[in-house]
Amino acid sequence: WGLMLILSVAIYGSHAPLLTLCKVDGMIPFSSTSVVVLVELTKLVFSLLFLLAWDRDLLGVTVSWRHVVPFALSALLYAANNNLVVHMQLFMDPSSYQILSNLKIVSTALLYSLFLRQRLSMRKWLALFLLVAAGVSYSCGGLQDPGSPSKMQLHITLVGLLLISVYCLISGLSAVYTEAILKTQALPLSLQNLFLYFFGVLLNLIGYFWSSTEGSFLEGFSFWVLVIVVSQALNGLIMSVVMKHSSNITRLFVISCSILVNALLSITLFNLQLTFLFFVAVSCIGLAVHLYYGVT
């Protein structure tokens, strides 16, 4: 568990720096939909390999459509979420997105408590709000470019505010719904992942052809893009283990702790500097972990 969670923290934290390394003249040279398709396809291949390696006897088992169909909705919610992330950028600046997207911690916790009937104490709710505070603090200026001393300018439209609200709702709903399916079905995780990622590949392929993007499928790809694909696929598999055997709350803490890795890589690769807000964020995370897991 420890190794998996540490690896997941590292992958979450390295995602943004890896995207920066992929940029050419300040622009992302590849199609984001192509990357999502490849990530889903890689997860599907890994799931099939795991099934062949450890659960080969299940290949001849008859599976009811009632086991398979629920994963179509889960994949649809994830696909909608991925597309929202892209479209939201048209109605707000990246800083606004980074700050407001922290609200998905609250939406996930609310839906987790409501649909999975997991009562959270006031102490645990305080811990989760501290995670939100940590994310907002870090997004507001936890890192600073010495060559750009200008203050951050936020811009968001009414449509953008509506889209971020829908994004946070779908983000929480997709995670909690998937956790509910994984836990209620008496099937091994490798087989469940096979169903989920099959629909994921199918829906995202439809989305790719529907968007009718110019250029080839692999246009703009580089070594760092392949690293992103493999790492995101591996992280998705780890998160399925977390949701099957732990909870979405654990996933929220993993995502929040990833700012430590993000900061370390940003300092090393791009010569950014830590600010007071970074230490505020780290303090909030430390206190949140203590309140949620350390106090009995």
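The backbone N, Cα and C atoms fix where each Cβ goes, and this holds for glycine too.
Please treat TrEMBL annotations as automatic predictions, because they have not gone through curation.
These figures come from a predicted structure and were not determined experimentally.
Per TrEMBL, transmembrane segment is recorded for 32-51, 58-79, 99-116, 125-144, 156-182, 194-211, 223-242, 249-270, 276-295.
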For the transmembrane segment (125-144), which partner among 99-116, 156-182, 223-242, 249-270, 276-295 gives the most CB pairs under 8 Å?
276-295
Would you mind listing the long-range same-chain contacts of the transmembrane segment (156-182), meaning Cβ under 8 Å and 6+ residues beyond its ends?
70-71, 73-74, 77-78, 80-81, 84-85, 87-88, 91-93, 96-97, 100-101, 103-104, 106-112, 115-116, 189, 192, 196, 240, 243-244, 247-248, 251
Flag the pair the transmembrane segment (223-242) / the transmembrane segment (32-51) as in contact if three or more Cβ pairs fall under 8 Å (sequence separation 6 or more).
yes
Can the transmembrane segment (99-116) be said to touch the transmembrane segment (276-295) if we require at least 3 CB pairs below 8 Å and skip pairs under 6 apart in sequence?
no
Surrounding residues of the transmembrane segment (194-211) on its own chain - C-beta under 8 Å, 6+ positions past either end:
31, 33-34, 36-37, 40-41, 43-44, 47-48, 51, 67-68, 71-72, 74-76, 78-79, 82-83, 178, 217, 240
